[in-house]
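Undergrad: One structure, pasted below without further comment.
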Amino acid sequence: MNLSQLLQHFKTELKDVYEEEEVKSIFSIVTEHLIQFNRSKLMLNWDKEPEPAQEASFLAIATGLKTHQPIQYLLGEAFFYGSTFKVNESVLIPRPETEELVDWILEKKVEGQTVIDFGTGSGCIAISLKKHLKDASVTAVDISEDAIRTASENASLNHADVCFIHADILTFQSKEKFDIIVSNPPYITGAEMAEMQQNVLAHEPHLALFVSDERPLLFYEAIADFALSNLQPEGTLFFEINEYLSKETISMLKDKSFKIIELRKDMQGKDRMISAKL
Ligand code: GLN
C-alpha cells in the first residue's frame, strides 16, 4: 500500500473512534515516527510505498488506535517539556498541565537545590527539572518497579542524572532535607471516573490515577508530613492538584501549619497547582 492508501485505511478503521481531521493529524504523527516523513514531505509523497515491515507497523497502529489505545503507547514515546520520554502502560502519559508545573518551578530560577519528586512515573518532572537545573541533586520515588525501570531509561535517554528509589509514598522516610518537594500524585476519585475518556480508563495505569472517595488527599497528606520533617526552612512544596479539591488541599496544608504561597490555574482555567512553605 502507498501512503495515500494507508491514510484511507486509517480513515476507514477509525471512523467510529476519531474525527476525520484527528485521523489525518494522527496519521502524520505515525508517518513521521515510522518513516521520518514530516508533514510537508508527506504531502508531496502520497504515492510512496513504505517497506513491508513499515507497512505492517502502520496497520498494527491502526488496529491499536481502533481499540482506544493512546497513540503515545503505540509509538512508545511522548513529548514533555521539549524532551522525548519512553512510555508504556506502566506509566501515565505526561500531561500538558504537568509541563506547566515544571515551568512554574523553573520560573523560581534557583540554582544548586536538592529536589525530590514523589510518584515520578515516566520520570518526566524529575528529569525535566534535572535537565534545567544542572547543579541540582534530584531524587525520584515510585511504588511501581516497572515505572522506576521506565523512568531510569528515560533518565539515560535524556542524559539526566537522577537517583530513583522504589518506595511507597505512604511510608517513605529519608534523613535528607530538600529545597524542592514536588508531586503529581494520583488524585482522581471514583466519582470522577465516569467523566474519563475510554483511552485513559482502559489503558493508563489506575495505580497512577485513582484514589479512594473516602481519602482523596491520602498521598498529599503523606507528602506534606514528609515535608514537615524534610523540607529545608526556605524550601518549597509544589503539588499538582485535583481541580475540584483545591479548597480541601489548601485547608489540609494549613492544618499542618504550611503557608500557602500560591494557587495556580492551568491553561484551561482549572485550579491545578499549589505551592507552600513552612
Ligand atoms: N491529570 C491527569 C488526568 O486528568 C491525572 C493525573 C493524576 O492523577 N495525578 O488524567
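Just so you know, glycine gets a Cβ as well, placed from its N, Cα and C.
Feature annotation from TrEMBL assigns S-adenosyl-L-methionine binding site to G119, T120, G121, S122, G123, D142, N184. Annotation comment: TrEMBL describes N184, P185, P186, Y187 as substrate binding site. The domain 'Release factor glutamine methyltransferase N-terminal' feature in TrEMBL is assigned to 5-76. If you look up TrEMBL, you'll see 106-199 marked as domain 'Methyltransferase small'.
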Undergrad: Taking helix as H, G and I and strand as E and B in DSSP, count the residues of the domain 'Release factor glutamine methyltransferase N-terminal' (5-76) in helix, strand and coil.
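TA: In the domain 'Release factor glutamine methyltransferase N-terminal' (5-76), the DSSP-based counts are 51 helix, 0 strand, 21 coil.
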Undergrad: Using Cα coordinates, what distance in whole Å links S122 (S-adenosyl-L-methionine binding site) and P185 (substrate binding site)?
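TA: Taking the Cα atoms only, S122 (S-adenosyl-L-methionine binding site) lies 13 Å from P185 (substrate binding site).
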Undergrad: I'd like to know which of the binding-site residues T120, S122, N184 has the most other Cβ atoms within 10 Å of its Cβ.
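TA: Answer by Cβ density within 10 Å: T120.
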Undergrad: Nearest to P186 (substrate binding site) by Cα distance: which of the binding-site residues G119, G121, G123 is it?
TA: G119
Undergrad: At the level of the C-alpha atoms, what whole-angstrom distance separates D142 (S-adenosyl-L-methionine binding site) and P185 (substrate binding site)?
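TA: Here the two Cα atoms lie 10 Å apart.
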Undergrad: Using a Cβ cut-off of under 6 Å to any atom of ligand 1, determine which of the binding-site residues T120, G121, G123, N184 qualify.
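TA: The binding-site residues passing the 6 Å Cβ test are N184.
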Undergrad: Taking the residues G119, T120, G121, S122, G123, D142, N184, which the record names as binding S-adenosyl-L-methionine, find the longest CA to CA distance and state it in Å to the nearest whole number.
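TA: Binding-site diameter by Cα atoms for S-adenosyl-L-methionine: 12 Å.
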Undergrad: I want to check the contact list for G119 (S-adenosyl-L-methionine binding site): same chain, sequence separation of six or more, C-beta distance under 8 angstroms. What comes out?
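TA: Non-local contacts for G119 (S-adenosyl-L-methionine binding site): V141, D142, I143, I169, S183, N184, P185, P186, A208, F219.
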Undergrad: What's the most sparsely packed of the binding-site residues G121, P186, counting other C-beta atoms within 10 A?
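TA: Sparsest of the binding-site residues G121, P186 by Cβ contacts within 10 Å: P186.
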Undergrad: How many other Cβ atoms sit within 10 Å of the Cβ of D142 (S-adenosyl-L-methionine binding site)?
TA: 29
Undergrad: Around the Cβ of G123 (S-adenosyl-L-methionine binding site), how many other Cβ atoms lie within 10 Å? Please give the count over every shown protein chain.
TA: 31
Undergrad: What does DSSP assign D142 (S-adenosyl-L-methionine binding site), in three states?
TA: strand
